[in-house]
Amino acid sequence: MQVIRLAALSDNYIFLLHDSHKNIAAVVDPAEAEPVLKQLAQLKAELVAIFNTHHHNDHVGGNQKLIQKFPQVKVYGGAKDQGRIPGQQVFLQPGDRVQFADRVAEVIFVPGHTRAHIAYYFPPQTDDTPGELFCGDTLFAGGCGRLFEGTPAQMVESLTKLRSLPENTRVWCAHEYTLKNLQFALSVDSKNTELQKRLDEVKTKRSQGIATVPSLLGVEKLTNPFLRWEQPSLQLAVNSNDPVQTFARIRGLKDKF
């Protein structure tokens, strides 16, 4: 399974999954249809599935046009998003599995950004290959999503689930927010040398127009403050020794950054 990253809107990423043996494709969070249709035409591939992580328009905005072009496509989303995702046919529960070609993804319930948010995790096929995590707006490179419908406690629980995946997991998040995220992270975790090193690398990449997605989960665990709420340095920075309160205070600071 090849993952093709497509830029969309101002800072979104759409992910096209392509199986070259069957020449079929699936798409994760089509913010708009045009980049997907263009890539499918180049591949001469058939779209068989739309995997939505949540209902926000910059993740589902392309659904209807893709359905019109490929009437047999199946549209997947969380069960709690029923009525909010255009064209949704499959209503996924936590722990469900979805298949694309010869790969099977686990559905992880990750409320916080929205009340119904899910992530799709394709485990590695061999010991020396990475798993693939499509996490929408729950976990970002260097950050996490705003809490529009969920609570800090829910988001901590959701991020704990994602944090427990193998460290070589590739994190396919839906926005190019990494530079600003890491600039904020350094403001609350200023003595983190791994973070400073990563920020310097990201500055160079972005100055050259290079994408910073995917990232690796192991790197996130070392540098992303929203996965590090137990760290004494971060707790000291926000004057809290409670994990949920620490997370909430860091999130509050980020909202104003």
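Even glycines carry a Cβ here, placed using N, Cα and C.
Feature annotation from Swiss-Prot assigns Zn(2+) 1 binding site to His54, His56, His113, Asp137. Around Asp137 (Zn(2+) 1 binding site), taking its Cβ as the centre, 25 other Cβ atoms fall within 10 Å, counting all chains.
DSSP assigns Asp58 (Zn(2+) 2 binding site) to a helix in the three-state reduction. In sequence order, Leu9, Asn12, Ala31, Ala174 are the residues near Asp58 (Zn(2+) 2 binding site), counting only same-chain partners six or more apart with C-beta under 8 A. Per Swiss-Prot, Zn(2+) 2 binding site is recorded for Asp58, His59, Asp137, His175, and the stated evidence type is sequence analysis.
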Cβ-Cβ distance under 8 Å to His175 (Zn(2+) 2 binding site), same chain, at least six residues away: Asp11, Asn12, Tyr13, Asp137, Phe140
Assigned conformation of His175 (Zn(2+) 2 binding site) - DSSP reduced to three states: strand
C-alpha spacing of His113 (Zn(2+) 1 binding site) relative to His59 (Zn(2+) 2 binding site), in angstrom: 13
